[in-house]
């Protein structure tokens, strides 16, 4: 079968021919329809320090997808041939304390599809049936293919009660924009998103965010005054991993504010901890998606009218995968979809 693989320990990704993966007793064989390129895939393409320490070579990569069930392991129940599915990219052990306690998203032995085991940038993918999620008929293939990053956004945004709250989102990448859209959809009062990338801030405006602020050109305190905010933000969603953005968030949070952090800083990050202490801030780290509560919430949000379509900006045939990676690496894109049909 055709597959995109990390063949060499250097920059790039390559189209290869690999065997169709073997179906285990508890697995599903999925024929891939569409995949989306994640920031993680760009890290792997660039072969940065994280990738060099993490990714085995050679390996099929990718973890954002939608496809059709074409094979079912003999122990699997609840699925049938032809079911349209996406899937949770974190394969958990089932045996650690968190798994046995129902907190599978916190499994200490998590293995990543397309990171530690063969991924979805291929004509076929095998995953445990436990990890598959059936896609409702009224959700398109395009949207289903980005459920993985949408899940990061939903998990982060819905960490706290947002109704009537003022929310600051730092980082207008696709996940940050989707998190801001979720916050607005579920009843936040003001949702402000910050970045320095004007292309992505314009995407946020198309998604109906209250204010998309280029912090290289505008002062966040001026924006808060314009919105009639006198006490600071109630909820912060840190999606950028940029130390200056997190420090600004700490500066502008209200006392008793709550922060969910998904963005990964590039290295050690120094902050003024007295602001955390004296403001009584609550900071929560976010990893992946809650299994599978986040997935049900994703489907319900879309079915209740949340429109994510502006975030998908580029579509290519898999034969033009290089154009897709070029678009992602340029910073001038939202989500990029690769079609395998």
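Placed from the backbone N, Cα and C atoms, the Cβ positions cover glycine too.
For 40, 43, the entry in Swiss-Prot reads active site, charge relay system, with the evidence type sequence analysis. Look at Swiss-Prot and you will find 38, 63, 64 tagged as Zn(2+) 1 binding site, backed by sequence analysis. As annotated by Swiss-Prot, Zn(2+) 2 binding site applies to 93, 96, 99, 107. Residues or ranges marked as NAD(+) binding site in Swiss-Prot (evidence: sequence analysis): 175, 195, 200, 262, 263, 264, 286, 287.
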Would you count the other CB atoms within 10 A of the CB of residue 99 (Zn(2+) 2 binding site), including those on all shown protein chains?
19
Tell me the Cα distance separating residue 264 (NAD(+) binding site) from residue 64 (Zn(2+) 1 binding site), rounded to the nearest angstrom.
19
Given the recorded positions 40, 99, 107, find the one whose Cα is closest in space to the Cα of residue 287 (NAD(+) binding site).
107
Around residue 264 (NAD(+) binding site), how many other CB atoms lie within 10 A of its CB?
10
If I take the alpha carbons of residue 93 (Zn(2+) 2 binding site) and residue 38 (Zn(2+) 1 binding site), what is the distance between them in whole Å?
24
What is the Cβ neighbour count of residue 93 (Zn(2+) 2 binding site) at a 10 Å cut-off, with all protein chains included?
14
Residue 195 (NAD(+) binding site) - helix vs strand vs coil (DSSP):
strand
Residues other than 93, 96, 99, 107 within 8 Å, Cβ to Cβ centroid, of the Zn(2+) 2 site?
92, 94, 95, 97, 98, 100, 104, 108, 109, 110
Packing count at residue 195 (NAD(+) binding site) (other Cβ atoms within 10 Å of its Cβ):
26
